[in-house]
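Notes to accompany the following structure.
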Amino acid sequence: MFLLLIILQALAVAIAQSQGDHKIIGGYRCVRNSQPWQVALQAGPGHRFLCGGVLLSDQWVITAAHCARPILHVALGKHNIRRWEATQQVVRVARQVPHPQYQPQAHDNDLMLLKLQKKVRLGRAVKTISVASSCASPGTPCRVSGWGTIASPIARYPTALQCVNVNIMSEQACHRAYPGIITSGMVCAGVPEGGKDSCQGDSGGPLVCGGQLQGLVSWGMERCAMPGYPGVYANLCNYHSWIQRTMQSN
């Protein structure tokens, strides 16, 4: 029985790892600029879309630690990811600060702060959001946004920013779905019947509950939105002090 549990846990870890540059299914097109804290991370000199992110101040963005790359830019004020837009701003990342206890294989402590090369201009299409200082209770309604695939397992990527409404799941439900893997640095969100989820390409994007940033898209099953397998997010309420301290000291 113990060996079987080890095998099942190892399989679950392998499934989580297989997502790579992870993770909207069952959602809808966001109203233009309704998520003004949403950031698109771009990698390399070619500015290839990589991940989502969230604007915390006029010079700091937060995203998933597994989105780290040697060269990063952030695009803000975006709706259509493939077109130039009058509201957009693109700024190079000057410094990447992953959480010091980030564990890539387990996706634990999967968060990273990005200091921008210059301050961004705040306005109607570009706004900051506060990190939640207290954890959300099970059943709390939340919204996730991103430019990740809208179909799974065969990927189909949108041009416009997508939103999906999900609920915070209980710790028990989260542990049942992923036994032996979930830590205090993670929180699950979804719907019991499945069909609504973040997915590949949404990584680092916001889980917003009650107007506060509660989580970042981190990992999940390779096939998204499956019943009984919610998405897993970095549980930012447990990192509030580290986030504030890091931004103030850098």
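Glycine too: its Cβ is placed from the backbone N, Cα and C atoms.
Taken from Swiss-Prot, the feature active site, charge relay system covers His66 (among others).
Among the features that Swiss-Prot reports, active site, charge relay system is placed at Asp110 (among others), with the record citing similarity to another entry. When other Cβ atoms within 10 Å of the Cβ of Asp110 (active site, charge relay system) are tallied across all protein chains shown, the result is 29.
Annotated active site, charge relay system per Swiss-Prot: Ser203 (among others), in sequence order, evidence recorded as similarity to another entry. There are 29 other Cβ atoms within 10 Å of the Cβ belonging to Ser203 (active site, charge relay system).
Look at Swiss-Prot and you will find Cys51-Cys67 (among others) tagged as disulfide bond.
Remark: Cys142 (disulfide bond) has Ala136, Asn165, Val166, Asn167, Ile168, Ala189, Leu207, Val208, Cys209, Gln214, Gly215 as non-local neighbours, by Cβ distance under 8 Å and separation of at least 6 in sequence. DSSP assigns Cys142 (disulfide bond) to a strand. Per Swiss-Prot, disulfide bond is recorded for Cys142-Cys209 (among others).
Cβ contacts within 10 Å of Cys174 (disulfide bond), excluding its own Cβ and spanning all protein chains shown: 21. DSSP gives Cys174 (disulfide bond) a helix state. Annotated disulfide bond per Swiss-Prot: Cys174-Cys188 (among others), in sequence order, evidence recorded as sequence analysis.
What Swiss-Prot lists as disulfide bond is Cys199-Cys224 (among others), and the listing cites sequence analysis.
Annotated domain 'Peptidase S1' per Swiss-Prot: 24-248, in sequence order.
What Swiss-Prot lists as signal peptide is 1-18.
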* Asked: Counting Cβ atoms within 10 Å across all protein chains shown, which of the disulfide-bonded residues Cys51, Cys67, Cys199, Cys209, Cys224 comes out on top?
  -> Cys199
* Whole-number Å distance between the CA of Cys188 (disulfide bond) and the CA of Asp110 (active site, charge relay system)? -> 14
* Structure fact -> Whole-number Å distance separating the Cα atoms of Cys51 (disulfide bond) and Asp110 (active site, charge relay system) is 13
